[in-house]
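Undergrad: What follows is a structure written as structure tokens; I'll ask about it next.
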Amino acid sequence: MKEAELNRDVAKFCTDNQCVILQPQGLGPKSAAPMAPRTLRHVQAIVALVVVTVFFSLLALFVVVLQPWRQKQNEDHPVKAGLHGGNYSGSDNCSQFVRRAEMQEAIQSLRASGNSSSCHKEIQTLKYQMDNVSSQVQLLGGHLEEANADIQQAKDVLKGTGALASETQALRSSLEVASADIHSLRGDLEKANAMTSQTQGLLKSSTDNTSAELHVLGRGLEEAQSEIQALRGSLQSSNDLGSRTQNFLQHSMDNISAEIQAMRDGMQRAGEEMTSLKKDLETLTAQIQNANGHLEQTDTQIQGLKAQLKSTSSLNSQIEVVNGKLKDSSRELQTLRRDLSDVSALKSNVQMLQSNLQKAKAEVQSLKTGLEATKTLAAKIQGQQSDLEALQKAVAAHTQGQKTQNQVLQLIMQDWKYFNGKFYYFSRDKKSWHEAENFCVSQGAHLASVTSQEEQAFLVQITNAVDHWIGLTDQGTEGNWRWVDGTPFDYVQSRRFWRKGQPDNWRHGNGEREDCVHLQRMWNDMACGTAYNWVCKKSTDWSVARTDQS
């Protein structure tokens, strides 16, 4: 989090590439906050307009109604006008009674006067004006109702504004809580980043420590990866490379197993040596304790000898003997100390062997992981190889289909005709039976064989009663008819295809027998050297074999 801004109504958070703004719904800078004052001003303006309209309407009504009546009263009754203009100090009720009486007298005088028609017109005019005033009053009443409705709507808007204000306050409190949560989450994120950096440092140090030990294994894995890349590049040799990879891994596992066994033997020998060294150490410890006891005894003896030396000088020889023994004891003590240092060296060797064993176990585990990954990759390669083989088969099938389609188009362009899964060629020139068969074989076909009534009808329709050689002959064995393309000859089914009295094996003047069959609506045997048109038949499998001609 690069930047964060918190206001009373808006929270803004920015990173290196984006910013996020959090604000209560419907409380933008131009939304609900100014709505209440604006609506209030609108209501006040409507109320003022309605009041002014009502005032001026009443004023106009007053002027329109009273002005003609006053003019008429002043013209016809000057006395009564003078009375109105005089000093009258009665009460309001009395004045109203006098005015009513005056109006009644004026109406009676108007009725009695000779200008009754003009008065009637004025009365009609006053009624019309009164109707207009009534309509205006009704309009004003409608406007007043609309104003009341607007005022009620304004009150509702003000109530909604109060609700929005409370909702705004609630959203502000929620925003403050969210801001506190964001600050807390930011602190947690910083802690997580610190822990991540520490973890990365630890991982980096661990990687640096183990990189040297895994260098040899890494080279082996690189070789395996290079072999795998070679496998991916040429899947045709993938099986051989996979077997070599498995042999290599098996050889590596055998070597590692041998090394582990050797390490186990070494550990066993080291354990035995440790046991022996412990026993020697116990023996040396006992000897050291004995030597310490001897030293203490020697010190006691030396103290006694010193005491005796003070008393007599004859003990010098004994002191020298004791000194010699003391030197021997010192030499034995030095020997014991050297043995103790050898024991420490053996302990360090044992610890080194244990460390090497742990490293070997780690390498074995890594090799196992690499072996599993290699096996997984080999399985993937096998799957990819299967997919590739399937794709190659599909491509081969598509290629064969395309090739077949091209051959079909080529045959159609060469006037071959298709019927019931076979292609037939009907020649325009004439050849002998053997020449016609050789031509058909050169085209990958044979002279046509007929195996059904439908095929017979098709050949008859195309040949149109013109003689055409077909692939039936009994050369070699008279009466043993066979199709030249190897199709089995059905004597029973073929009886209906022969002309009446055929085959008759007629001998011609040149001595040649009729050993070949031609089609001219029906079958007939004929001398094979006769020149006829012919019909070739090609199978759609494109694998027609040539038979020997006798």
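Using N, Cα and C of the backbone, Cβ positions are placed for all residues, glycine too.
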Undergrad: Based on what Swiss-Prot records, which one of C440, C516, C528 is disulphide-bonded to C536?
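TA: Swiss-Prot lists the disulfide between C536 and C440.
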Undergrad: From the list C119, C516, which cysteine is recorded by Swiss-Prot as disulfide-linked to C528?
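TA: It is C516, per the disulfide annotation in Swiss-Prot.
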Undergrad: Report the same-chain neighbours of C440 (disulfide bond): residues 6+ apart in sequence with Cβ closer than 8 Å to its Cβ, ordered by sequence.
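TA: Non-local contacts for C440 (disulfide bond): Y425, H446, L447, G471, W534, C536, K537.
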Undergrad: Return the average pLDDT for the domain 'C-type lectin' (438-538) as a whole number.
TA: 91
Undergrad: If you draw a 10 Å sphere around the Cβ of N255 (N-linked glycosylation site), how many other Cβ atoms fall inside it, taking every protein chain shown into account?
TA: 10
Undergrad: Looking only at C528, C536, which of these disulfide-bonded residues has the biggest number of Cβ atoms within 10 Å around its Cβ?
TA: C536
Undergrad: I need the CA-to-CA distance for C516 (disulfide bond) versus N132 (N-linked glycosylation site), whole Å please.
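TA: C516 (disulfide bond) to N132 (N-linked glycosylation site), Cα-Cα distance: 128 Å.
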